[in-house]
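Notes to accompany the following structure.
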Amino acid sequence: MPRGVNKIGWRRIVLGFGPSWFVVTMGTGIVAILLAMLPFQAKWLYYLSIIVFLLNVVLFVLAAIVTIMRYALYPRSWSLMMHNPVDPLYLATCPIGFATLIEMWVFICVPAWGYWATTLAWVLWMIDTAVSVVTTLSITFLLLCETHTNSLDQVTAVQIIPIAATVVAAGVGAEISADLSNITYRRGTIIACYLPPKQLAMSCFLTLGPVGFGGFVIMYLGKVSLTAFDATNSFHPLAGEVAYVMGLIVALGLWGFSLLWLVIAFATIFRAYPIPFNMSWWSTTFPFGVFCINTIQIGKELESMFFKVFGTIFSVVVILFWMVTSAGTLREVWRGKVFHVPYLDELMLEGEESYRDTEHRAS
C-alpha cells in the first residue's frame, strides 16, 4: 500500500467507499424481512423487525450520501471503477438494497397507514424497477463489451448480481400488487413482474439467489392472481386458479433446484475453510435469506409444518451469520482495512497532496 494512504482520514473512507457497500443494506434488509415473515411469530419478533428495518434505512441513507460524496469529490473514480472487472457489478446492489426497504414498508407501514402508504410503496417500486432494469441491461452490455473475462475460471457468482436486481424488483412488485385497491394497477403490476429481459431469462438458474427468490416471485404472483383476475374480464374465470397452481408447482421445482445450489455452496465453503473475513461475506446473507423466504412462503401456502420448521431453522442461521458478519465488518472498519481500493491508490495520493497544498496556502 503506498505511503500516506492510511493518513487521509475521512477522505480515504469516502474514496474507498465503493458500490459493494450496498451489500450491507441487502443483508440487513433480508434479516428484517425474515423476522417479519417467520411462521412462528411473537410480539418481540415484530418489534425486532422494525428495529432492524430502521437500522437498514439509516445504513442505506448513509451509503447513498457517502457514494454521492465520493463521485462529487473524486469524479475520476467513476471511470476508474467502471474499468474494473468486479466493482461495476455491485452497482446493482443499490436497487436491491432499496427493494428490501420497500418490502419492509409493505410489511410494517401499509397495514398501519393504509391507502397512502400503499400508493407510496407502488411509486417507489416503479422507481426501483426502472433503476433495476437500466442497471441490469447496462452492466450486462458492459460485460459483453469488455474483455476482462478470458477464461471460465474468471466467471464468478458476482456476475449474477445485476440479474438479481430485476428478480428482486419483481418479488416486491408481487407483494405490492396484493395491497393495491385499484384493480387496473394491480393487474398491470402483476403482468409487468412477469417480463424479465429475454436475454437474461435463462441466467436466473445460475445461482441460489435468483433461483430461490424466483420461486417466491412466481408463487406470490399466482397467489395474487387468484383475486386480481377474478375482478376483471380480461382473463378467463379460471385463469387465477391455474396461475396459482402452476405458480406453486414451479416454486416447488425452483426450491429443489435452489436447495442443490445451497448444498454446493456449503460444500465449497467447507472445502475452502478457513476463510479470512472480507466484505464478500455479505454476499452470502442475501441469497441464503431469499431461499428462506421461499421456503417459509411454501410452508404457508401448503400449510406444511416441514417447510415452516425448515424455513425457521435456516432463518435463524441467516440471522446468526448476519450478526457475525456485522461484527467482522465493524472490526475491519475500526482497523481501517476495508477502505483500501488498490486501483484508486494514485487518485488517493493526488487527493492527499491537493489537500496538503490547500492547508499550506491557508496557513
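Numbers here mean position along the shown chain, with the first residue as 1.
Using the three backbone atoms N, Cα and C, a Cβ is placed for every residue, glycine included.
Record features, source TrEMBL:
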TRANSMEM  12-38  transmembrane segment
TRANSMEM  44-68  transmembrane segment
TRANSMEM  89-116  transmembrane segment
TRANSMEM  122-144  transmembrane segment
TRANSMEM  200-222  transmembrane segment
TRANSMEM  242-269  transmembrane segment
TRANSMEM  281-299  transmembrane segment
TRANSMEM  305-325  transmembrane segment
Query raised in the report: Cβ under 8 Å to the transmembrane segment (89-116), counting only same-chain residues 6 or more beyond its ends: which ones?
Result: 18-20, 22-26, 28-30, 32-33, 36-37, 49-50, 53, 56-57, 60, 63-64, 67, 124-125, 128, 131-132, 135-136, 139, 143, 158-159, 161-162, 164-165, 168-169, 171-172, 175-176, 179, 181, 286
Report task. Could you tell me whether the transmembrane segment (281-299) and the transmembrane segment (12-38) have 3+ CB pairs under 8 A, leaving out pairs under 6 positions apart? Result -> yes
Report summary line: Per the Cβ under 8 Å criterion, with at least 6 residues separating them from its ends, the transmembrane segment (242-269) contacts 205, 207-208, 211-212, 214-216, 218-223, 225-226, 229, 275, 284, 288, 291, 294-295, 297-298, 301-302
Query raised in the report: Looking only at residues six or more beyond either end of the transmembrane segment (281-299), which have a C-beta under 8 A from one in the stretch?
Result: 23-24, 26-27, 29-31, 33-34, 37-39, 96, 157-158, 164, 168, 171, 207-209, 212-213, 215-216, 219-220, 248, 251-252, 254-255, 258-259, 262, 265, 305-308, 310-312, 314-315, 317-318, 321-322, 325, 328-329
